[in-house]
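Positions annotated as transmembrane segment by TrEMBL: B:20-40, B:46-65, B:77-95, B:101-118, B:125-142, B:175-194, B:224-242, B:262-286, B:298-317.
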Amino acid sequence: MFFQQLVNGITIGSTYALVAIGYSLVFGVLQLINFANGSLYMLGGYLTLVMYLSLHGNIGAALLISLVVTGFAGFLVDFVGLRKLRADNAPRMAGLISTLGISTVIDNAIQIWFGTETKAFPNFLDFGKFTIGKTVISWTQIIILTVSLLLMIVFSLIVYKTKAGKSMRAVAQNVNAARLMGIDVKLVISATFIVSAILACISGSLVGSYYQTIDTMMGFSVGMKTFAAAVLGGVGSLPGAMLGGLIVGVVETIGASYISSGYRDAIAFLILILVLLIKPSGILGKQKIEKM
Amino acid sequence: MKKTSKLSACLSGFLKFAALHQKLFILGALTLAILFPFLITDRYVMRLAVVGFMYVMLSLGLNLVTGYMGQMSFGHAAFWGIGAYTAALLTKNLGLGTLPAFLAAAIVVGIFGFLLGLPVLKLKGYYLTIVTMGFCEIVRLVELNWMPVTNGPMGISGIPKFSFFGISFHTYRSFYFIILILVILTTLLIRRLIRSRFGLALKSIRDDDVVAEAMGVPIVRYKILAFVISSMIAGVAGAFYAQYITYIDPTSFTYNASQEMLVMVIFGGLGSIPGSFLGALALTILPELLRDLMEYRMLIYGVLMVVMMLVKPDGILGNVNFDYLKEQAAARKKEAVK
């Protein structure tokens, strides 16, 4: 029972980690919470479903189109909602409200388009299951875990080892200095948004396939949970976001099975409040969070 | 381009006029508000007016945190809900009157606001936004799952109507006057607060907390105080709502309701009392006029939020200082006389 929940928790946690990376990247570069990230996660899931149905089950092409469109949506979040605010030197709350507005627009557009009821999602990762002791592990879980880990490793390498990642970190440290060094700040910021949107899209599609259902509210709750995960791990730190995602997934799954499944979504928020109370900088956060 | 400049010139002219005749305007609005239920007997319009004023009260409370303190709270629907449930349970099960119910709702919600604000408001940045979002969701889940107390998704029905000292009120006119008195009291409270030392300190925290701290403002204490006052106002509004509508369930007090309140505050004007009136009343009446677009309401709110930020981040009446406008106009008059 416990190991079964642990496996389930790690699986769902690894998908949270992908979305949490997106929060962390954007927060690192702009010191802004991108509320639209959760909506992009939902959008990605829906687009994959629509493309899958309209392409008669060609999952590769469906995923590719969904990735491109969601990535473009991520670019638009910044281009429409935030670029002008940065140019105007608007207060930071304006950016927050703007991303919230975009998130509302995406959520409700999908709701009007598809209706609010839960949709069936095809499991394109279904390759059977096997048992170890009493624990049932499906190949879907293995694939989700592998894909997530691979993506995490790839993004860590990009951010910490390549020139593109270096310029991203430079912008995160000091925008003006980065600009003086000849880094195209606009390009870096756009790239950050696109990357976080693509990660959210992959995560949304994987979760859709794992639960075999998809609904319009999943963006909101996952958005909040993954932000909690990013804070738990330490905002702005990539390994922190991954660790935070895994912890939130595991604690939530185990809590739901041992306490009450009705309070499943509340657990992540309780973790968030506790972290802010005890260690606001998070587990792996180097960046010290300023206290008043 | 020309059209917009003409429009803004017209608006600023009107604002100047309003600033010069502030007392006249307030008196006129008050007279109109008092005469309103005697002029209009249509039940639908009266109901709309009551709900609109309740949103004015909620917006005024939220404006203290969002407009004057510069922090977004998504917890106000939860505070509103906690106030409503507190009042509903007390009046229905214990037979308490309206005034004790208001008081109890304010105290209970104030305690929640204090406990929530204590860890979060110590931190800089926008943790309050996220934590209050989570709080709103937790409160909704508790309302939904705590069957013995909240009756879960079925909600609480048959809540007694308003009664003061044993006399109960049943007419729409009386509901209207109760909420009108609450709105006037809230307005006076907020006006008093923001013109006091406390209000100035709050604005200084919003504009630059480092400077505020250097000037000796106890930042954390003031922020928590503002948050608690703001949440208590929402709690009283909730107590009003429960006794007015006589039936409550968890679907009223969701994240969407919080967002609606925020849009009202942002649209009307951050840090402006007339702005809260404008935002709340306009966004209560407009959706009723555009009934066909009901499905698109939240979508339109989302677009409104983005466009507002891009065009006028302070809202329509934000950053309009009526006292300053008045002084300016008076000075100009003096010069003209000379």
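Using N, Cα and C of the backbone, Cβ positions are placed for all residues, glycine too.
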Winner by Cβ pairs under 8 Å against the transmembrane segment (B:175-194), considering only B:46-65, B:125-142, B:298-317: B:46-65
Chain residues outside the transmembrane segment (B:262-286) and at least six past its termini with a C-beta under 8 angstroms from it: 48, 51-52, 55-56, 58-60, 62-63, 66-68, 72-74, 187, 190-191, 203, 301, 304-305, 308, 314-320, 322
Among the ranges B:46-65, B:77-95, B:101-118, the one whose Cβ pairs under 8 Å to the transmembrane segment (B:125-142) are most numerous: B:77-95
